[in-house]
Amino acid sequence: MSASAFNFAFRRFWNSETGPKTVHFWAPTLKWGLVFAGLNDIKRPVEKVSGAQNLSLLATALIWTRWSFVIKPKNYLLASVNFFLGCTAGYHLTRIANFRIRNGDSFKQVIHYIIKGETPAAVAAKQTASTSMNKGVIGTNPPITH
């Protein structure tokens with residue numbers, strides 16, 4: 001590629017509607033950090049991966065991937081980053097679901113775990129602890145006499 005052809009291509013990129021002088025370039029470029037963080041989470045134990053966070057990332061990825069083809073100018077960089085963000089979030093949600101099902105949870109329990117982040121045993125333990133604490137507190141204080 002000759003120098004003049006390179007200069008022309010660079011100038012066209014620099015001054016384009018989705019070039020580095022616009023938010024249409026920088027927002028998707030910086031959003032790749034979320035994709036790389038999701039890829040790094042593959043090494044984390046599945047118990048440490050947040051279902052609610054990945055569900056949110058999947059939802060935003062689906063919405064913004066579609067939106068990037070609707071807006072003018074079409075933003076393929078935004079579409080690509082959101083597509084891969086959705087892929088990593090979907091992968092983590094699949095990991096969580098498979099892990100919970102292997103541990104004996106039903107589909108309903110898996111959905112509850114993804115949204116709330118609590119296992120049924122943890123919910124039951126929390127309810128037991130709160131009822132036992134309430135039994136010990138209510139009505140046990142002696143009356144105040146002066």
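Backbone N, Cα and C define each Cβ position, glycine as well.
What you are looking at is a predicted structure, and each value in this text was computed from that prediction instead of being measured.
Sequence annotations record features per position, and here Swiss-Prot assigns transit peptide to 1-20 based on sequence analysis.
Taken from Swiss-Prot, the feature transmembrane segment covers 23-39 (among others).
What Swiss-Prot lists as transmembrane segment is 55-71 (among others), and the listing cites sequence analysis. Within its own chain, the transmembrane segment (55-71) has Cβ neighbours under 8 Å at 34, 38, 78-79, 82-83, 85-86, 88-90, 93, 114-115, counting only residues six or more beyond its boundaries.
Sequence annotations record features per position, and here Swiss-Prot assigns transmembrane segment to 78-94 (among others).
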Sequence-distant residues near the transit peptide (1-20) by C-beta distance (under 8 Å, 6 or more away from its ends) are 26, 73, 75-77
